[in-house]
Amino acid sequence: MTYQMTDLAEFGWNPHFSAQLEPDDLEQAVPVRVTAVHRGAVSVAGPGVDISIPPYRSDPDDSETTATVGDWLLLDAETHRPRRMLPRQSLLKRRLAGTGRDVQLIAANVDTLFIVTSCNQDFNIPRLERYLALASEAEVTPVIILTKADLCDDPGAYLRQAYALPSVHMVESVNALDGKEVERLLPWCSLGQTVALVGSSGVGKSTLINSLTGRADIATQGIRDDDGKGRHTTTGRALHRMPSGGWVVDTPGIRELQLTDVQSGLDDVFSDIVDLARSCRFSTCRHDTEPDCAVTAAIEAGALEESRLERWRKLIAEEAFNSASLAQRRSRDKAFGKMVKRATKDKKDYLEP
Ligand SMILES: Nc1nc2c(ncn2[C@@H]2O[C@H](COP(=O)(O)OP(=O)(O)OP(=O)(O)O)[C@@H](O)[C@H]2O)c(=O)[nH]1
Ligand SMILES: [Zn+2]
């Protein structure tokens, strides 16, 4: 079977994925994209394919290799069984709420992360920095979207604060209810582009998705669900096609974002402090009372805000804590695997001396 690359491009295929193909792959396999993950089934779609298959994990020992929304799978053209998953271009994940340890995959192969906040008390620099670190770590381009501009006297003040963050290059303020204004986001939503939205509850993510998809089937707060049992919030997870040709990932609100394994993301977002720290006299400088500390010197000179240093410290501490518990679990899993292997070998030796 052969495909026009343009047919695949509609689903978000790009040279990154072409580069993963073996010469005869497309003769025996169909590339499909995961459009939804349900309990016990995964929906996939591609040119001429729109089916449900059982959940797939390429490495049984590694939960991060579970096919998630946005992943590309090569299905056997006849049996429709997955042959393999193509290496991801990006991966958004978060610590699973409640368990404290497990990592939940949010979406793969996302091009742009819309970090949504509103021009009111939700606007919060530390929260933006967390989301920026998440985007950087996931290798997704961040765009900050300031909603409810229509309810605010001076949206420009919020725009300026967001732009002032060193790693921020794109900020848009919109009235998410106004389709015309939301068109300003179209450059990130063109053919085959995949966007995901993150932000606190109530900032307007569903409203934006509705405006971008031109549909009203995604529940917004305050609207009653069909079952009449009450307010429906975004709980499913799926890729929705936009009239502009792009795809939008509808993920549940990430209310308690925890940073896992985001050391390099933090370094990017706080590169100003990391750069300064290189000039401290001691490589182990804690930027506290040490002599010749470039960081405290910058604070004294007014070049760095002390609160920014504090936020960095807090995130570093949180990151260290999270990564430590993750590392503990990984080494425990590994030790368990080794023990099982050893026991199996012992048994074999015993049975076949
Ligand atoms: N005036 C105005 N209202 C908005 C805007 N964006 C969202 N709203 C309203 O704010 C409320 C919350 O919006 P949602 O889109 O449900 O927020 P959400 O981020 O999806 O919330 P969760 O589903 O809980 O994560 C709704 O009543 C929207 O109509 C905006 O830009 N301007
Ligand atoms: Zn220092």
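Placed from the backbone N, Cα and C atoms, the Cβ positions cover glycine too.
Because TrEMBL annotations are produced automatically, they should be read as predictions rather than curated entries.
Database features, via TrEMBL:
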| type | residues | note |
| --- | --- | --- |
| BINDING | THR147, LYS148, ALA149, ASP150, GLY199, SER200, SER201, GLY202, VAL203, GLY204, LYS205, SER206, THR207 | GTP binding site |
| BINDING | CYS280, CYS285, HIS287, CYS293 | Zn(2+) binding site |
| DOMAIN | 100-257 | domain 'CP-type G' |
| DOMAIN | 108-255 | domain 'EngC GTPase' |
| REGION | 325-353 | region 'Disordered' |
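Everything TrEMBL records as a feature, shown here on the structure.
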residue: THR147; record: GTP binding site; DSSP class: strand
residue: GLY199; record: GTP binding site; DSSP class: coil
residue: LYS205; record: GTP binding site; DSSP class: helix
residue: CYS280; record: Zn(2+) binding site; DSSP class: coil
residue: CYS285; record: Zn(2+) binding site; DSSP class: coil
residue: CYS293; record: Zn(2+) binding site; DSSP class: coil
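Nearest to LYS205 (GTP binding site) in space, judged by Cα atoms and limited to the binding-site residues CYS280, CYS285, HIS287, CYS293, is HIS287. Look at the Cβ of each of the binding-site residues LYS205, HIS287 and count the other Cβ atoms within 10 Å; the largest number goes with LYS205. Checking each of the binding-site residues THR147, ALA149, GLY199, SER201, THR207 against CYS285 (Zn(2+) binding site) by C-alpha distance, the shortest gap belongs to GLY199.
Counted over all residue pairs in THR147, LYS148, ALA149, ASP150, GLY199, SER200, SER201, GLY202, VAL203, GLY204, LYS205, SER206, THR207, the record's binders of GTP, the longest Cα to Cα distance measures 19 angstrom. Closest in space to ALA149 (GTP binding site), of the binding-site residues given as CYS280, HIS287, CYS293, is HIS287, taking the CA atom of each residue. Counting residue by residue with DSSP, the domain 'EngC GTPase' (108-255) contains 45 helix, 33 strand, 70 coil. Neighbouring residues of the recorded Zn(2+) site, listed in sequence order and excluding CYS280, CYS285, HIS287, CYS293, comprise ALA277, ARG281, PHE282, ARG286, ASP288, GLU290, ASP292, ALA294, VAL295, THR296 (Cβ within 8 Å of the Cβ centroid). For the binding-site residues given as THR147, SER201, THR207, the lowest number of other CB atoms within 10 Å of the residue's CB is seen at SER201. For ligand 1, the nearby binding-site residues are THR147, SER201, THR207; that is, of THR147, SER201, THR207, CYS280, these have a C-beta under 6 Å from one of its atoms. Taking the Cα atom of each, THR147 (GTP binding site) and HIS287 (Zn(2+) binding site) are about 37 angstrom apart. Put simply, of the binding-site residues CYS280, HIS287, CYS293, the one whose Cα is nearest the Cα of THR207 (GTP binding site) is HIS287. Ranked by Cβ neighbours within 10 A across all protein chains shown, the binding-site residues ALA149, VAL203, CYS285, CYS293 are led by VAL203. Inclusion criterion for the binding-site residues GLY199, SER201, VAL203: a C-alpha placed within 10 angstroms of the C-alpha of CYS293 (Zn(2+) binding site); this criterion is met by none of them.
Taking the Cα of HIS287 (Zn(2+) binding site) as the reference point, the closest of the binding-site residues GLY199, SER201, VAL203 is GLY199.
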